[in-house]
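Heads up, the thing below is written out as structure tokens.
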Amino acid sequence: MIQEENRREKQELKVGFVGNPNCGKTTLFNAYTGSKLKVANWPGVTVEKKEGAMKYHDHRFKLVDLPGIYSLTSYTMEEKLTRQFILDSEVDVIIDVADASALERNLYLTLQLIELGKPVILALNMMDIVEERGMEIDMHRLPEMLGIPCIPVSARKRTGLDILMHTVAHHKEKCRHNCIVHQHPNIGERKSHHAHEHHQELTMVYSDEIEDKIDILIDRMIEVGFECENYRWYALKLLEHDEEVMNLVSVDLTGIADESYEAEIIHQKYDFIDEIIEECLVNKSKKAALTDKVDRVVTHRIFGLPVFLGIMAVVFLLTFTVGDFLKGYFEVGLESFSNMVLNGLEAIGTSEMLTSLLVDGIIAGVGGILTFLPNIFILFLALAFLEDSGYMARVAYVMDGLMGKLGLSGRAFIPMILGFGCTVPAVMASRALEDMRDRRRTVLITPFMSCSARLPIYVLFSQMFFGRYAVLAAFSMYVIGLVIAVISAFVMNKFGNKGSMSPLLIELPEYKTPNKRTIFIYVWDKVKDYLTKAGTTIFLASIVIWFILNFGPQGMTEDMSQSFGAIFGKFISPILIPAGLGLWQVVVALISGLAAKEVVVSSFSVLYGIANISSRDGMDSLISSLSSQNFTAVNAYSFMLFCLLYTPCVATIAVVKRELKSTKWTIFSILFQLSVAYLVSVLFFQIGSFITNL
Amino acid sequence: MSMWPTLIIVLLLGVYSFFVVRKRVKEIKAGKFCSCGCSDCPSHCNCTKVNDTKKAKEKVKIFQE
């Protein structure tokens, strides 16, 4: 007894977590592993591998979180990895995590996993959602039909986790219990002489024709000396003309599988799944009719894109109108604070230089950015609403067709959507593209999607120069960014090496009322990030800008045009004259934008000594200063275009280098974006000036 | 005019700037280059050990004896 216990304790069980994407697999995995988590990449590929360890009573487990997959075909890297990992006996027990509220979709993978021949336990996750929807799953019938243990869990609410591990600990032997044999009706008139009684242990039994072929192929594999643990699985793969298996097993398929039976096998699996759903799912929630109706419009081949642009236009309208209303309070607050600090510093007798640094540098720079917080808040509130409602998944689907025509994988648009928030995670998300050429092209064009950091620039300049067309002017930046990205992708496809065309496989969730808590958490995180950025990066950048604008070769200078910043700006500015940006102040602002795009606005505050730049007075003062230097609306739009398209912030450059693993391509991307920005700004300014001078 | 208020404020600014720079350098060394938050970043798993450790620490229960 003691020996048995000791043996059990010493033996470490390897458990693999498999499941569809978004089924809560990683949440469940993390619930077990906690901080004992190791993250790496699978050897030779960029797919992430997570391993963890845990103890449950006397049992030690090594847990592996395998990539989210929909099936075990060999089309994608994730599928190949998972399949090979299981076949190589790297796992003792498989936990198949399924979204219980979408069981029909998840059971296909379950059946494939069972066919692999390893012990499988079905973890029915999201049971809390099943209960919310009034659905019920027959927990007696389901294990009977599948022939494996089925454990209801909720990773989010942490229920069922103990019993799941208990089941894993006691299920490591291959299951040998009585399953209900699933009989297919014979197709056509042909009757097989093949007896199916020995399929008592199988969950999935196919039609007589397929079963006959499986038996013949098994015999042929044994004849040629191929050895494996699961002949049936290999026979099925040969019938499906699975490329990897056909290369591995040299069996003559003539007369047995001259054509692929993949479609037939899939059909029969789904027939069985329909039976399971029919028998086991009570009060099945019908797909919302509303979802179908809405999708007919938003994913329409022709109307889908205009609908997307229309929705984004509404988002910007709200960002400007509601955001501006709230911004007024921030401006008043900033004004009061600035005056209070100024009076306070004068009262305690601080030096003029320090007073200037604090008031004209830090408060003007950081405060100027903080007044845009309401606009940022409204933007992210709207984006959170769209994301949580389920709409954003449709955008990727809609853009897939266009991306395909440009020679980009449909999956390339998903990183680009992320670019509306921040370019850094958007560039990192390009890792999901397996083909390096696709990835490179996506990394090159993603920065053209205007990130949220550029919003303060658009808000300020469009309000200053475009009056009641301010919303249109700002919105046009996003549209132009998208257009330039599309054109760049087209040109690269035309003249460069064509990338692979891996299809887009994306889940379109049902539309739902956004969850208040989810939206609150998302928006609060974004607000916190914005405030943190203001207090760190922008704070430091404001100090540096103040220094370079108040110190020159002769030391501290009253005249900013003699400062280091001015000297450098005047050296560069002639290059930008054709783009209407030939002011040294503009050059300084653009260069400071490399730290973070919001710093462009902070720079103008410091450059023109305006404490509250987004207030009406502040903007009037800035317009007056700029107009005296012949900076008009055409120049302003050219400036916004340049800010949209030129080199992104240094953080993005660093991530581009890391993702492309090439200094050459990183430099190319910087020069590429600068060139596009310059070209577009020059074109616009020249044509715009010509038209306005007519 | 007393220089003490100036010196104190400069010292405070210096200390704060030092901590900000130190924090950024630490993040960059750990692989996080951006100034964005990580909580809902879809690429946070591809980013840095720092963030994985932070996220892992937020997990509630570890099944251990």
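These residue numbers are counts, starting from 1, taken along the chain as shown.
Note that Cβ sites are derived from N, Cα and C of the backbone, with glycine treated the same way.
For reference, TrEMBL has these:
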- A:12-174: domain 'FeoB-type G' (DOMAIN)
- A:19-26, A:44-48, A:65-68, A:125-128: GTP binding site (BINDING)
- A:Asn30, A:Ala31, A:Thr33, A:Gly34: Mg(2+) binding site (BINDING)
- A:302-322: transmembrane segment (TRANSMEM)
- A:357-386: transmembrane segment (TRANSMEM)
- A:406-430: transmembrane segment (TRANSMEM)
- A:442-461: transmembrane segment (TRANSMEM)
- A:467-492: transmembrane segment (TRANSMEM)
- A:530-551: transmembrane segment (TRANSMEM)
- A:571-592: transmembrane segment (TRANSMEM)
- A:636-656: transmembrane segment (TRANSMEM)
- A:668-691: transmembrane segment (TRANSMEM)
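Counting only same-chain residues at least 6 apart in sequence, those with a Cβ under 8 Å from the Cβ of A:Lys25 (GTP binding site) are A:Phe17, A:Val18, A:Gly19, A:Asp65, A:Gly68, A:Val97, A:Asn125. Within the same chain, the residues at least 6 positions away from A:Thr33 (Mg(2+) binding site) whose Cβ sits under 8 Å from its Cβ are A:Lys50, A:Gly52, A:Ala53, A:Met54, A:Leu63, listed in sequence order. Within 10 Å of the Cβ of A:Pro67 (GTP binding site) there are 22 other Cβ atoms, across all protein chains. Proximity to chain B (Cβ-Cβ distance under 8 Å) holds for none of the binding-site residues A:Gly19, A:Asn22, A:Lys25. With pairs at least 6 apart in sequence, the transmembrane segment (A:571-592) and the transmembrane segment (A:442-461) have fewer than 3 Cβ pairs within the 8 Å limit; the two do not touch.
Using a cut-off of 8 Å between Cβ atoms, the transmembrane segment (A:302-322) and the transmembrane segment (A:406-430) share fewer than three residue pairs, counting only pairs 6 or more apart in sequence.
According to DSSP, A:Asn22 (GTP binding site) is assigned to coil rather than to any helix or strand. Counted over residue pairs separated by six or more positions, the transmembrane segment (A:668-691) shares at least 3 Cβ pairs under 8 angstroms with the transmembrane segment (A:571-592), which defines the two as touching. In this structure, A:Asn22 is the one among the binding-site residues A:Asn22, A:Asn30 with the smallest number of other Cβ atoms inside 10 Å of its Cβ. If one looks beyond the transmembrane segment (A:571-592) by at least 6 residues along the same chain, the residues whose Cβ comes under 8 Å of a Cβ in the stretch are 541, 545, 548-549, 561, 565, 599-600, 602-604, 607-608, 626, 629, 631, 634-635, 638-639, 642-643, 646, 678, 681-682, 685-686, 689. Only pairs six or more apart in sequence are counted, and the transmembrane segment (A:357-386) with the transmembrane segment (A:530-551) gives three or more Cβ pairs under 8 Å, enough to call it a contact. Around A:Ala31 (Mg(2+) binding site), the C-beta neighbours below 8 angstroms that are at least 6 residues distant in the chain are A:Ala155, A:Arg158, A:Leu161.
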